[in-house]
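Notes for the one structure printed next.
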Amino acid sequence: MNLIFLGPPGAGKGTQAKRVSEKYGIPQISTGDMLREAVAKGTELGKKAKEYMDKGELVPDEVVIGIVKERLQQPDCEKGFILDGFPRTLAQAEALDEMLKELNKKIDAVINVVVPEEEVVKRITYRRTCRNCGAVYHLIYAPPKEDNKCDKCGGELYQRDDDKEETVRERYRVYKQNTEPLIDYYRKKGILYDVDGTKDIEGVWKEIEAILEKIKS
């Protein structure tokens, strides 16, 4: 079973992809991890990627696709894989299809975790992180016992720049702009499944599980 997970920042797609990975025994592959691994191993493509990353630039699609291809040829991907955070653009989706064709594979389902902008803003802007130990809290869903104080180490809690409202709205806008064409692309192929990401973790999982069981049978 070869899957792609789409969803805006804060949609909880990483959490769900991890559960799918555990239940079905297929690896969850995040582009970030893959790039870091290739750089650490010093592969040809890893060296190329490092040049761009060191300059703070985006790694070009052909390098990313090459790294994805190397990863998908590893033995743990034989039964399937979950791509998390890739593809991000239509060009990447088309390049991915071409590359999968060469490997005699195809995508079976694209799970699109749908969460409206205001919900994303609420989820992310209420996050607080401990300056000392890095523990993460949520002022609504998982608040600290004492205001502004970490339960674990007593450190001060703060809001990361990434979690500030204008940053979150900008990330959401960029996500929508890049992903809308992707969603159309996979919908036309008949493999896109929308999941209501506003439900609790268990509710979202039940929806995803039902889709995957249907695909498997």
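The backbone N, Cα and C atoms fix where each Cβ goes, and this holds for glycine too.
Under the three-state DSSP scheme, Arg127 (ATP binding site) falls in the strand class. The ATP binding site annotation in Swiss-Prot covers Gly10, Ala11, Gly12, Lys13, Gly14, Thr15, Arg127, Val136, Tyr137, Lys199.
Just so you know, the Cβ of Glu57 (AMP binding site) picks up 9 other Cβ atoms within 10 Å once every protein chain is counted. In the three-state DSSP scheme, Glu57 (AMP binding site) falls into the coil class. According to Swiss-Prot, the feature AMP binding site maps to Thr31, Arg36, Glu57, Leu58, Val59, Gly85, Phe86, Pro87, Arg88, Gln92, Arg160, Arg171, an assignment based on sequence analysis.
Marked as Zn(2+) binding site by Swiss-Prot on the basis of sequence analysis: Cys130, Cys133, Cys150, Cys153. Neighbour density for Cys133 (Zn(2+) binding site): within 10 A of its CB lie 11 other CB atoms from the protein chains shown.
Per-residue confidence over the region 'NMP' (30-59) averages 89 (mean pLDDT, predicted model). Here Swiss-Prot flags 30-59 as region 'NMP'.
Residues annotated as region 'LID' in Swiss-Prot: 126-163.
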- Determine, from DSSP, whether Cys153 (Zn(2+) binding site) sits in helix, strand or coil. coil
- Nearest to Gly10 (ATP binding site) by Cα, among Val59, Cys130, Cys153 (binding-site residues)? Cys130
- Under a three-state reduction of DSSP output, how is Gly10 (ATP binding site) classified: helix, strand, or coil? coil
